[in-house]
Amino acid sequence: MELKRLIINGFKSFADKTEIDFVSGLTGIVGPNGSGKSNITEAIRWALGEQSAKSLRGERMGDVIFAGTDSRPALNRAAVTMTFDNSDGYLKNQPAEVSVTRRLYRDGTSEFLLNNQDVRLKDIVDLFMDSGLGRESFSFISQGRVEAIFNSKPEERRGIIEEAAGVYKYKQQKTKAERELANNDDNLARINDIIVELKHQVEPLREQASLAKDYQQQTADYKKIHQTLLALEIEQLAAEQEKTQGEAKVTKATIAALTAKVKDLENQSEQLSAVDHQHEERLNQLNDQVLSRSMKLENLSGEANLSSERSANAATTLADLKDRLTHAQQALTEANQRLADLTKQLDASQKKQQDLKEQLAQQKQASQDPAALNRQLESVQNHYIDLLKAQADNKNAQAALQKDQQLAASQNAAHDRRIYELSKQAQDQEAKVNTLLSQQQKLQAKAETQQTVVEEAKTKLNQLQQNRTAQQQTYQDEMATYQRARARYETLSELNEDYAGFYNGVRVVLKHKATLPGVIGAVAELLEVPTAYQQAFDLALGSNLQAIVTRDEAAAQRAISLLKQQRAGRATFLPAAVMRPRELPSAVLQLVKGADGFLGTGLQLAQYPADLKSVMANLLGSVLIVDTLPHAITIANTTHHRYRIVTTAGDILNPGGSLTGGQVKQGRQASPLARNQEARHLKTQLQELVEDLKKKQTDLTELTKQENTAQTAWQDAQAQSQALAADLTAITSQHTAQAETLRQAQRQLAAAQQANTAQADLSTKMTELHQAGKKIARDIEDAQTEIEQLKAAAAAAADSRSKQATAENALKTKLAVVTNDLQTLHDQHQQWQTQARDATEQITELQQRIEHITATAKETAAEKASRTATIAKLQEELKQLKAEQTKVTQTKAANRGKLSEISARITTTYEQQHQAMATSEQQAVALNRVKLGLDARLNTLAEDYQLTYEAAKAAVVPDHAPIPELKSKLKLLKRGIDELGPVNLNAIEQFKEVNQRYEFLTKQQDDLLAAKQQLEETMHELDETVKTRFKNMFDQTNSAFEAIFPQMFGGGHAHLSLTDPDDLLATGIEISAQPPGKKLTRLSLLSGGERALTAIVLLFAILKVRPVPFSILDEVEASLDDVNVNRFGEFLRHYASATQFIVITHRHGTMVAANVLYGVTMQESGVSRIMAVSLDQSQKEATS
């Protein structure tokens, strides 16, 4: 078969329809780079079914359609048609000329035609599969494929031989078989899962279906008996209703008679109560009057006593004041007498001082010189003139002051009265202010004390609240702990009651323990071990925890019979009567007791009933409990590995030397022993928690009471504090007001006293002016005398100066003494003046107070006489009121006796009435109960069974069982139904459906297993076929390769080898070559040209072994030198008789070898065109 024709239209750069006719032999296609030569190769590949756009140098398949140029629009379709000459029948079942067409449109639509008939892409691929013209066959050899041969790994290189061997379809078949096998495995896995699930469902559903049938039968019997029972009970309740109604009528008549009697007695009681009320009101009035007058009498008596006390106090005070007045007057007299004496002494001392001064002056005058005396005389004369002026001014001032005195004298009487009134008012206000201040201070002290009480009460309340809150939180936390523990305990109790975790046979026996005498319980129930050693005991006992302890062998036989009857499984029994203890010999026990880590034997550490010691000794007597594995190993070596040793971590050393250990799986279900241990611990904990909670509840209640008491105390204290604060505020306000009033009175008194003082000041000033006038007169006289003396002294200045000096010093000494005495007398005079003034003021004050107290005493005596008369009158009235009070009390007591008698009769009648009413209520309840019973049963008949009473009554058989017996049967049926538990009534149908599906899927499972076996056999056959074809192809290719290599290289030799001859399905292919003049080496160590030529040799060897109808070579010789290109051309021409070659080339040597040359040009930019040139042999030679 040969490629006869290629028509390209719109494919890549071939915008116009281009037709290329191929001849036998060698056809060359030449052209410059970018002219579109390779597009011819890609057009052929695309037509043969290439699906990879990247293999066609595009991003998507639409890129193969002509995209247009500047002068041409893009086309909407690409089409390639290949025509083959099949006259030799190379393609089976095809005509002599076979055409294949492929079209692609812009919208993505594809068309495939075979001999102008629409076909699928798969049809085209299958047509050329294993024909040598497939997409990856040796019909297409590019430069890249040549490079891939010498650059690829040996494992990748085997693909070349596989393609040549034509095993592609076998590998596809195997891939398909693998997919089918995977699908088959998936289906088988799913069916297996479903079958397992259904298998788990079938047996439970079978049991449920059986239960459902039993439930239906028992339910039908229950309904029948229940209907009969309801009919009989309705008949019985109707008779009871009629009887109770008659009794109720009689009771109602009794109640009516008693009600009338109660009414009559109540009327009598009301009349007597009205009289009693009148007595009560009169007594209340009398009591109020007696109380009022008694209180008034008491008040008057108190006031009289107070008046007496005041009178006595006033007399005492008056006597005291008079005594103080006498003393004050005596003190004043003494002070005046003393002042008079001191005045005389003062006058004498002043006169003596004056005399001494005069004598001293005379001495000085005598001692002065005439000139000095003249100057002194002139000074004294000037002073004399000043004194005369001062005398005149003094007289004028006295005249003016006398006028002021006359005016003040007219106002003096009014000022005295005002001062007296204001003084008395100030004293009264001061007393009130002092009283209020005292009250204020007391209230302030009380308020401060009360505030302290409030703060202490608040502190106590806060402390109690904190204690109560803390106690409440503790209680809540402990309650939460209790609830969690209780929930856990209830869960464990339910599990223990259901014997969860026990084998089915053990569970059945334990549940029937009550009906099996001699069955004591499982080992896990009877054993109690320390928590720290629980895991050790779990692993030491293992399945023996579920062994059942019995009293004797007979009890064990009965339990085994039960298991057989119910087909409930198996169990291990430990008859206590025959179990023999197994304990450590005393010597061994003594040996291990001192060993490090030894905790004890299992029997020593466990607790159990004393009568079961033989059983427990059998299980645990020779088991040693040790803390760690190293210690356990040491003890095992000591005891020669004769006993079982278990560590607290769960490691086990078995007799004989074997060890068992590792990590226990987390989340593993607790063993029955652990569960029982935990339940016992929780029970004890719950008891302790209950007691503690009760105590805490009591403490909390007490704290709450204390808190409430403290709250009340704090509120009361706060209220008292607020009341005191209010009182203190009021008193403070009053004190402030009174203090202000006092200050006003004091200011007014000061003003009045100031006015009075002004009058005194006028007198004082007048006295001072008089004294000043007298002094001025004396000074004038003295000045006159001094002038005369100075005049005389000037004449007598002739005396001796020494004599005068001595006399002057003596006079100075005397003058100093007299001056000092005079100052002392002045001081004493001032002191006595102060005492006299104070005594005068005290006398005035005492006289005023004596007058005030005397007046007050007179008023008090008058009030006392008036109160005495009033008290006598009140005492008489009180006597009369008490007499009437006694009389009314006696009358009231008599009336009360009658009222009590009536009340007793009313009470008795009431009790009778209440008894009758209670009876009536009981009868009403009974009637209601009967009615409810009737209604309930009628409703049950109607709602549950859709029956009337008449229909149910008609269905009752004459010889029915008594009602108690029917109830007993109904109860047994109900118990039987309840024991069945929840019943799936659909289980019968569900079992049928699930069982049918289970059987169907089981058959499918068998079919899939058979299919799997068949697919595995097919895959094995395909592998064998692939290995055989691959090996044959490899051997033939190697022979051809060895033959062609010397021809192409002009000598040397080469061969192919398998990297793993034992694995023909995965072995790689190694190429070894020895060009002329070189050593034999691997392909990777040759030069680039040698590697390329060697790869071409391999391709030609494959073509020789398995020729293809045609082969397209795309610049495969590009890397060869000219000599090798010529050899390449010669080889092509030599083999062109067997294979049609189409060569795309740039090399001259290859062009010369071609029979026909097609030139590809691009005269129009972006559009490829074909130009054919036919060369005969002579032309080729000339060209060469």
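Each Cβ is built from the backbone N, Cα and C atoms, and glycine gets one as well.
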Any idea which of 6-36, 161-191, 998-1028 is down as coiled coil in TrEMBL? 998-1028
Ranges 38-72, 248-282, 1053-1087: which does TrEMBL label coiled coil? 248-282
Excluding PRO32, ASN33, GLY34, SER35, GLY36, LYS37, SER38, ASN39 themselves, which residues in that chain have a Cβ inside 8 Å of the centre of the Cβ atoms defining the ATP site? SER13, GLY31, VAL1160, MET1162, SER1168
Based on Cβ atoms within 10 Å, give me the single least packed residue among the binding-site residues SER35, GLY36, SER38, ASN39. SER35
List the helix, strand and coil residue totals of the domain 'SMC hinge' (517-636) as derived from DSSP. 65 helix, 20 strand, 35 coil
When pLDDT is averaged across the coiled coil (248-282), the result is 80
In the three-state DSSP scheme, ASN39 (ATP binding site) belongs to helix
What parts of the chain pack near the coiled coil (676-706), using Cβ distances under 8 Å and only residues at least 6 beyond its ends? 464, 467-468, 471-472, 474-475, 478-479, 481-482, 485-486, 488-489, 492-493, 496, 524-525, 527-529, 531, 534, 670
